[in-house]
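Notes for the one structure printed next.
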Amino acid sequence: MSQHRHPGAPDRAGAVPALPDLPEATVARLPEYLRALHNLAETGHETISSEGLANAAGVNSAKLRKDLSQLGSYGTRGVGYDVGLLIEQIEYVLGLTQRRAVALVGVGNLGHALAGYDGFASRGFRIAALLDADPGRVGEEINGLVVRHIDELPRVAAEDSIAIGVIATPATAAQQVADQLVAVGVTSILNFAPCVLSVPSGVDVRKVDLAVELQILSFHEHRKASQTAFPTAGGSALTALPGGLAVTESQEAIGT
Ligand SMILES: NC(=O)c1ccc[n+]([C@@H]2O[C@H](COP(=O)([O-])OP(=O)(O)OC[C@H]3O[C@@H](n4cnc5c(N)ncnc54)[C@H](O)[C@@H]3O)[C@@H](O)[C@H]2O)c1
């Protein structure tokens, strides 16, 4: 089967038909495919097999084929996927054909690191504004951008067509900042503060929490240690849980 354009690609008149409703897990893997494809393109690859792309992206090849088939991309038997075309298709689906302007609110330790990171531009994002409530930070220049006071958000949002707001304030201020972003029309928020935000329907919030990732790894470390610490005699080892519970090795300690 040959590769063809995504069914949701713009028609000749420029109208944008509805995109397919992709599973969240597929959407989460598309940026991994895109990163791998850009690396392949940079190293001179024009085509790539599904196995090759799956390896480069660190996913299972059957899953990759299923994900890409949902974009209308099947590759060509014996040849694989056209790297350039697939980049175009994924960038189209992810809405990366236009550079989206990002406002970063909270320019402390984390905000400084994010504002100074050059990698966003190559992935389709432009940090357009840095905002903070601390007058001591206002006026500071980072990576060519001057930190402005959060009170200027309405003007900044109008001038720079802010599409995405990034919150890097303490958790105590995050809800207020989210409300301010929503009030100026921002409908996508990336929240680094360790708290749950309440937003109206139609506003998408993604949360990044490295501590949660570490806790998940801690669980796996704990689980591996429990498996080696209690060798099985006759098939199933007993692991003590707080509260006098016990589970066999074959059960999950969390989520059963
Ligand atoms: N997600 C992660 O993995 C991760 C990692 C590190 C830190 N964090 C979180 O990121 C946030 C920032 O951490 P940090 O170490 O940079 O803190 P920080 O105290 O150095 O910086 C916070 C900044 O937010 C500003 N601020 C406070 N209230 C504000 C408001 N209402 N409007 C605009 N700006 C406001 C402060 O003036 C300050 O400059 C915290 O919530 C922290 O828990 C998350």
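Keep in mind that glycine also has a Cβ here, set from the backbone N, Cα and C atoms.
Any TrEMBL annotation is an automated prediction that lacks curation.
Record features, source TrEMBL:
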- 32-71: DNA-binding region (DNA_BIND)
- G106, V107, G108, N109, L110, G111: NAD(+) binding site (BINDING)
- 95-196: domain 'CoA-binding' (DOMAIN)
- 1-20: region 'Disordered' (REGION)
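It is G108, among the binding-site residues G106, G108, whose Cβ has the fewest other Cβ atoms within 10 Å in the structure shown. Other residues of the chain with a Cβ within 8 Å of the Cβ centroid of G106, V107, G108, N109, L110, G111, the NAD(+) site, are H112, A113, L114, D132, A168, T169.
Of all the binding-site residues listed (V107, L110), L110 has the fewest other CB atoms within 10 A of its CB. Within 10 Å of its Cβ, the residue among the binding-site residues N109, G111 with the fewest other Cβ atoms is N109. Mapped onto DSSP classes, the domain 'CoA-binding' (95-196) shows 35 helix, 31 strand, 36 coil.
Over the DNA-binding region (32-71) the predicted model carries a mean pLDDT of 95.
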